[in-house]
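Peer 1: What TrEMBL records for this protein is below:
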- 35-486: domain 'Major facilitator superfamily (MFS) profile' (DOMAIN)
- 1-20: region 'Disordered' (REGION)
- 523-544: region 'Disordered' (REGION)
- 32-58: transmembrane segment (TRANSMEM)
- 78-96: transmembrane segment (TRANSMEM)
- 108-127: transmembrane segment (TRANSMEM)
- 133-156: transmembrane segment (TRANSMEM)
- 168-186: transmembrane segment (TRANSMEM)
- 206-223: transmembrane segment (TRANSMEM)
- 289-309: transmembrane segment (TRANSMEM)
- 329-348: transmembrane segment (TRANSMEM)
- 360-378: transmembrane segment (TRANSMEM)
- 390-419: transmembrane segment (TRANSMEM)
- 463-482: transmembrane segment (TRANSMEM)
Amino acid sequence: MALGVTSERRHDAQEASFAPDTHRPWHAHSRAYCLAAVGFMGIFLFGYDTGLGGGVIALPSFAKDFHISGSKTHIAQLQGNIVAILQGGAFFGAIGGAPLEDYLGRKWSLMVGCWIFILGAILQVVASSSLGLVYGGRFVAGFGVGLMSMVCPTYASEIAPKEIRGRITGMFQVVVVIGVAFSYWINYGVTFMNPDRGAIQWRIPIGFQLVPVGFMVMLLPILKESPRWLATKHKDELALKNLAWIRKLPASDPAVQFEFAEIIAAIREEEAATSGASWREIGAKGNPIRFVIAFVIFTLQQWSGQNSISYYAPSIFQSIGLKGAKTGLLASGVYGIVKIVATSLFIIFGVDRFGRKKPLLTGIALMSLFLWIVGAIFNTHLPNPNATTVAPASIGMAVCIYLFVIPYCFSVGPLPWVICSEIFNNRTRHFGLMTAAATQWAWNFGVTKATPLMVIKMPKGGIFFFFAAINMISFTLAFLFLPETSGTSLEAMDIIFGAVTKEEREAEIAKRAAMMEKAFDDEEKGVTSHHEIHDHDQRAEIKA
């Protein structure tokens, strides 16, 4: 996709939308924020489990109860199995989520994901002595997390106004890093417990998963179903009602009317092009490139180095010279707080101001730079396993890892989810987010299985050099092929990717808007006629 063509199409896409840029105050969108927040409680579980596995494995009570011992390679393989089995379940959950949410809708698909996760969490809590139940519980919980990981961003993007869509869909990553930080600090907190208390030390962090999912189950019934999903099912009256409620405007307001007209126009175009069979639209004009972007962007995200550090933060910090499980967990906790602050600041103030592409390119470049530095220091100042104090070089590497995560938080962390939430059309969005989430979980599985062995087999900073090189590839591909999507309505993405022309879309929107205006006029005339008849009857009664 040539850069000049993309820029021209983006300009056409922004002009083709009849819905005005209202730029209303933040409280005018409070309902959209609240609905997204409830949906994203499932993503807290995504983040929490990201840090949970590696931290629980580091607890002596867990190693004792489940007989984790032997050579470094054997222990590394067990760690990889325990952490990665959740990603395997999440992969299948993400794939199963697309047909489920197409059939049930976004709201009730999230409810199904919650109950599957609850079953998996209970299996993990009751496990004892045998890793079999831990494996089974993590796989089932992973299935629920995977399902929610593709439904949540779909729902958030579909209810968000275009002017704050980046902020709302970017909440995904904010909630993820909050979940990660919770797992780090809970794991760190239980290290202060008396070891004689045994299994309770590792059951507390695992059992805590039931708290957020419990709140989510209680709050989900109040969610409004996605207007765009309702429109694809031809429930236009309810779709318009929900859209007006979310926007905190009457259904007759021009902003709501034109936005709804644009939604209906896009959906009817898509149906006409593929005889109403949504799965066939994957190969329709302008759609394959969107699926390629989803696959590539999440492949490169997972191999950026961040997930390896997140999952095995305690082990990584120990490997660069920060001694002791407790010290590693403390360093991981600080790392989690850095991620929360950096991600939140970008999502609140930056993502809708600076767009998608420029922050992504800047962040990837800085990530690669810091990884080269960490690898170089590691290569020239190998940590001494017998040292009694932390060496200055180890402190320097820890600082660079903290600095590495800051650009991650305004680029590779949140932006792939933001981009993939908005590039697909209404009838393929569930397939698109399925592709994104399944790719994320598949590579997540591979990265978590590979990282413990990569730490051992790629000494002297090799693992950091590897991830730094991957980020250089990411920068090149993003610069050459990724379009800017900020400030454009979801329906106008069809113009950016060449599915329709600006003129075709404008004509269809004008047609739908005129039909809606006529329907409202007829309704108002009907009400007026009713009042006139009523008034005439009253006058007749008075005269009599």
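Residue 1 is the first one shown; counting continues down the chain.
Quick reminder: no glycine exception, Cβ is built from N, Cα and C everywhere.
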Peer 1: With Cβ distances under 8 Å as the criterion, find the stretch in 108-127, 133-156, 168-186, 289-309, 329-348 that has the most pairs with the transmembrane segment (32-58).
Peer 2: 168-186
Peer 1: Should anything in the same chain at least six residues away from the transmembrane segment (206-223) have a Cβ under 8 Å from its Cβ atoms, list it; otherwise answer none.
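Peer 2: Here the qualifying positions are 35, 38-39, 41-42, 44-45, 48-49, 52, 56, 107, 110-111, 114-115, 117-118, 121-122, 124-125, 141, 182, 186.
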Peer 1: Counting Cβ pairs under 8 Å that are 6 or more apart in sequence, does the total for the transmembrane segment (463-482) and the transmembrane segment (108-127) reach three or more?
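Peer 2: Between the transmembrane segment (108-127) and the transmembrane segment (463-482), which are separate recorded stretches, there is no contact, as judged by 3 or more close Cβ pairs.
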Peer 1: So which of 168-186, 289-309, 360-378, 390-419 has the most C-beta pairs under 8 Å when paired with the transmembrane segment (133-156)?
Peer 2: 168-186
Peer 1: Over the span of the domain 'Major facilitator superfamily (MFS) profile' (35-486), how high is the average pLDDT in this prediction?
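Peer 2: That region's mean pLDDT is 86.
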Peer 1: Please identify the stretch among 78-96, 108-127, 168-186 with the greatest number of Cβ pairs below 8 Å relative to the transmembrane segment (329-348).
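Peer 2: It is 168-186 that shares the most Cβ pairs under 8 Å with the transmembrane segment (329-348).
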